[in-house]
Every structure is written in structure tokens, then in C-alpha cells.
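Report on the structure given below.
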């Protein structure tokens, strides 16, 4: 009996034929995969089978999209991503048209018979699973509950999309993130005791957010507006809609991330610094100039007034774009900005390659603590480590 492929167990070692996606004339089939959590896994399978993957839609390329994407189904030009999985599972190249989205459901087609079986003259039909519809097992349920318990940042996380997309990407199960979310909300939420699991915990940062939400009910997430989402939106629109609906939560998480990044080692709490995203166009003052022109407490308080709404909106827009570009969550992108002094170019390079473009290291909590010390030797060590310009930028960033 054909079982669902477990792509998570051995993603680097597919066993299907290396010519699976090579035509009879020796040319490789070309595929374009719409951005999704499954894109990397699909690309691995395609490349191992001798196919090629396009960065953009090219003439002659097979356009792949996940079932349920409204734009893809409306155009009629896309083939279900299930085509790749079924080809690999059977280790044979199947009929493309049987998986075309729009005119006929790929899921329904997959449930009738594998297209390709007739082409090969197979006389013995196999029991087939519904494409994209795999029954949930007890192991799947435990995996879902455990993942929520360990990764849910707040009660509202389970009604959003980011948590479930991350779980799908982790390949703990073979279900889509929409199915995982639906399974938890309709069947598993509140049933942890049946699986000998405790209630889903909330991280310390989330507990702070929850307390603030209780004090300010208008800023709290009710969860009800998220029911307005439709599963037909492509992933890019999911991310935009989720952040628009939770704008207040995004602002609070930025503040929380800042506080977590900077460990206070004195009794009195210094004022938190906001995230200011800069393009690094103007030259900041040198550390020497900065030490000679320290603003008094009243000036600092004036500078630390609330950021204007347009500035908040611009910051959220930039962070959202980086989340989509690198397929990362809000916390990861925010921490990257904090470690790179809010510099957009440096943060983008760090997210792409794991290091700054100028070759200098990123800032740590200990570095920030050292930066506050009135010690010439310590300051010189920081200048040697990060460069005078980066030290000056860090000082300016912390002032904001």
C-alpha cells in the first residue's frame, strides 16, 4: 500500500530516479514553484529527478502551486504541487493535465487513479490516498499538541497562521499548515489531558503581553477577526493580512524583543530604545564627539517621546517585507535589526548570509553593557572589534 512520503526524515537523500523529470529527448523539465513553506522540499525532489527550477515564470516551464490558492486556480495555468509528490512516490512521470488546478480538482483526480498507471499499462490498481488529504493519526495529534505547547507565544498564536506554517516547514507531519490549524482548533484544543499533556504554556514574554492586554482590552486580540480569513489567499497575502489584523500585537512584540535583547545589570531600569531602521546614508558622530555632547535628562526624555504613526507603519512594512523575503518569523527579524543597530542593509545581509556585509560581527548584550562603561580601554576595544563608525552608529541607535 502506498504510504504518504515522509519528506522530513531524509530530505537530503531522495531515492527516486535521477532522470524522473528528464524527457525522452534528453531535455530537463523546467518547473516554477510559487513561494511556500514547501518550496525548498519540492525543489530538492525536482533537482534530484533531473529537472530544473526557475526563479521566475519562464516560457515552457511547468507552473506549480498548492491546491486552494485562488489566484492559481483562477488562472488555470498552474499544476498542483501534488504532481511532484505523486511522481516521486511512484517513481514515474505522470500526466500533467490530470493535476491542473482550476477546471478539475487535483485532489479528486488523485483519488480516482494515478494518471500514469494507464500509460504504463498497469493492470493492478493500488489503493490510493486522497491527494493532500491524509488521515490524522494519534502520533500526528501528539505532535501538534506538543508543538503548540513548546512554540505558542500566546493564546492568540494558535488562531493565526505563522505558527502553523512553521510547523509545516518543520515536517513533523505530512499535513498542510491549513489542515494542522483546523485539526487543532476543531478537535484538539483543550484536549491535552487526554494525551497526558499539560496545557499549552505561554513564554515569559507572552505572559507580559497577556497582562498588558488584560489592562488594555482594546489592544487585546479577540481572535474573532481572524475567522474572516479564507484559505484561498496566497501565502504573501496571508502574511500581510495577519500583520494588519495584529498591528498592536506587532508593536508590543517589538518592545518586548528590545527588552529581552538588552539585559539590565543595574537596579534602576534605563529607558528602552525603539527600533529605528536606517539606510546608513549620513555619517554619525564619532565616539569622541558623542562623549563630549551628552544630552541632559530633560532632552533625553523629549527624544524618547512616542514614535509617530507613519514611522511605526514604515517600520512594520519593512519588517514584513523581510519576513516574506527570508520566510522568517517576526521575532527573528526583529532580533536581527537589534543586533545590527537598526541598519536595513546590514540586517538584510545578515539574514541572507549569517554575517554583515562589512565583515564586522553583530552586537551582543555584553557589547552593549561594555558600551555603557565610562572606560577608555573598553571603548577602544569596541572600536577595534566593530570599527569606529559602527560604534558611533550603535551609540546613536541606543539613544533612539
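For all residues, glycine too, the Cβ spot is worked out from N, Cα and C.
Taken verbatim from Swiss-Prot:
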- 112-125: compositional bias 'Low complexity' (COMPBIAS)
- 114: SUMO2 cross-link (CROSSLNK)
- 194: SUMO2 cross-link (CROSSLNK)
- 208: SUMO2 cross-link (CROSSLNK)
- 212: SUMO2 cross-link (CROSSLNK)
- 240: SUMO2 cross-link (CROSSLNK)
- 373: SUMO2 cross-link (CROSSLNK)
- 78-101: domain 'BRCT' (DOMAIN)
- 128-188: domain 'Myb-like' (DOMAIN)
- 2: N-acetylalanine (MOD_RES)
- 105-126: region 'Disordered' (REGION)
- 196-244: region 'Disordered' (REGION)
- 264-311: region 'Disordered' (REGION)
- 384-400: motif 'Nuclear localization signal' (MOTIF)
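Between the CA atoms of residue 194 (SUMO2 cross-link) and residue 373 (SUMO2 cross-link) there is a gap of 54 Å. If you draw a 10 Å sphere around the CB of residue 373 (SUMO2 cross-link), it holds 11 other CB atoms from the protein chains shown. Note: the domain 'BRCT' (78-101) comprises 13 helix, 4 strand, 7 coil (DSSP; helix = H, G, I, strand = E, B).
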